[in-house]
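Below: one structure, written as structure tokens.
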């Protein structure tokens, strides 16, 4: 279905002459995501998915686990596509909010600036197409069972991300960030290609099932005398190849010590693009690594490729926390926050126990939803400031900012006193940041508790102590943002040019033509679109009220862990 969707959008983009129709393509892409979810849910009822089913000569496989994460990716991408599928602001009039008014009347207003109909994101018809390419690469990567298909899938995803980062042609910052991402991403792909080449040279196969079998044989032989055994060199090459591959994958997800590119790229590209790059690009790689680390579990105590995961987890916790303390730009802060949380995810990934698999799945799901909510709120805080102008002090701070149209909120200080402008959005962002910290009873607390419990059960006492310590320290920069939102002075003032203006719109009905009339409104009637306020509300309530109904999400991780053990 995704392939057909890509061909459909390619043909549509080739023949269209109006770039302002991008919103229609985004809505078509949302419909495609919904259809893909329906198909994937139907596949879950097939009995042969209880065990893995090989596809295309063993290049890919299908199972209940892969289908579940396909559904999860489609769901997340559908929410992100709404950011360009609907206009961010609407006219809300108290006299016309009844249910029958919504269905009977059509409101027309020609001033496109108020609703942001001419925003740059609504003129890029290639945006939905690139997202579908990236989603296709991610879906293939989750289902890969051959090192050839692994490389092709991750490159399909990566090239889409490079193009997406530079899609705003008028932005110099975006272009330079995309070029940086492309050059360094190409270097990481070289590591992946080198690792896969060494695996093929030493074992003569590209299929992952072959590596699983050879790894188990190596582990059984290693029980006798690993140092003197004839296969010790093979095991050495095997672990070395996997470490080289791991370097490439860790770079792709911006885990330490290969994280240096992500704060600069996240900060330079538009916030709308950052939302997709920071979330979806990591899910597929982490799910692939989950299966890879579980089935290739080398028992060599002296030289094990999983030590690289533990080292990256330790460095991600340290670097993400310490460097985040010095940030004054909100998207750089979110980038270091992501690096810190990757430390928890990689810790759960490297343990390899049943409890760690369950905690990994739960942590990945909750952090994806929480991070998505944080970026959506950040975008709509920028949209909600349409009727305001900066005060004198804030104007001095923001005078040198570039790309204000693409990333309205760039500095943490721009959030100062926002509670006095929109208390609901401010409260939602604060709840999301508290979940990042891991404050009970929010969902982030339970995710961290599950990872730390699994680590303690396996004897990782030092890493557990470091994770707890870094969580406490990271609370400093999250609480700094919350403090500025609620307690700092509001430096925004209402635009004097809008205060005395009365706008006029036309209300029409095809069923009742005699009720057609003009209505008057002012800047107080301009609000956030219902689609986005609903998304923010639902995601915030999931974060806040998880403790009242935890069984569904917890059982999801439990069932997927059992399925992985039995596959």
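Keep in mind that glycine also has a Cβ here, set from the backbone N, Cα and C atoms.
Here is what TrEMBL says about this protein:
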type	residues	note
TRANSMEM	29-49	transmembrane segment
TRANSMEM	55-81	transmembrane segment
TRANSMEM	124-142	transmembrane segment
DOMAIN	145-474	domain 'NADH:quinone oxidoreductase/Mrp antiporter transmembrane'
TRANSMEM	180-201	transmembrane segment
TRANSMEM	236-260	transmembrane segment
TRANSMEM	272-295	transmembrane segment
TRANSMEM	307-326	transmembrane segment
TRANSMEM	333-354	transmembrane segment
TRANSMEM	360-389	transmembrane segment
TRANSMEM	424-447	transmembrane segment
TRANSMEM	459-479	transmembrane segment
TRANSMEM	526-548	transmembrane segment
I need to check the long-range neighbours of the transmembrane segment (29-49): which residues 6 or more away from its ends have a CB within less than 8 Å of a CB in the stretch?
1-2, 5, 9, 62-64, 67-68, 70-71, 74-75, 77-78, 81-82, 85, 128, 131-132
Taking the transmembrane segment (424-447) as the reference, which of 55-81, 307-326, 526-548 gives the largest number of Cβ pairs under 8 angstroms?
526-548
I'd like to know if the transmembrane segment (124-142) touches the transmembrane segment (236-260) in this structure, counting it as a touch only when three or more C-beta pairs sit under 8 Å and are separated by 6 or more positions.
no
If we call contact 3 or more Cβ pairs under 8 Å (sequence gap 6 or more), are the transmembrane segment (459-479) and the transmembrane segment (307-326) touching?
yes
Under 8 Å between C-beta atoms and at least six residues away from its ends: which parts of the chain pack against the transmembrane segment (124-142)?
2-3, 5-6, 9-10, 13, 16, 19, 21-22, 25-26, 28-29, 32, 60, 66, 69-70, 73-74, 77, 80-81, 84, 149-150, 152-161, 163-164, 167-168, 276, 280-281, 283-285, 287-288
Recorded stretches the transmembrane segment (360-389) and the transmembrane segment (55-81) touching, at least 3 CB pairs under 8 Å:
yes
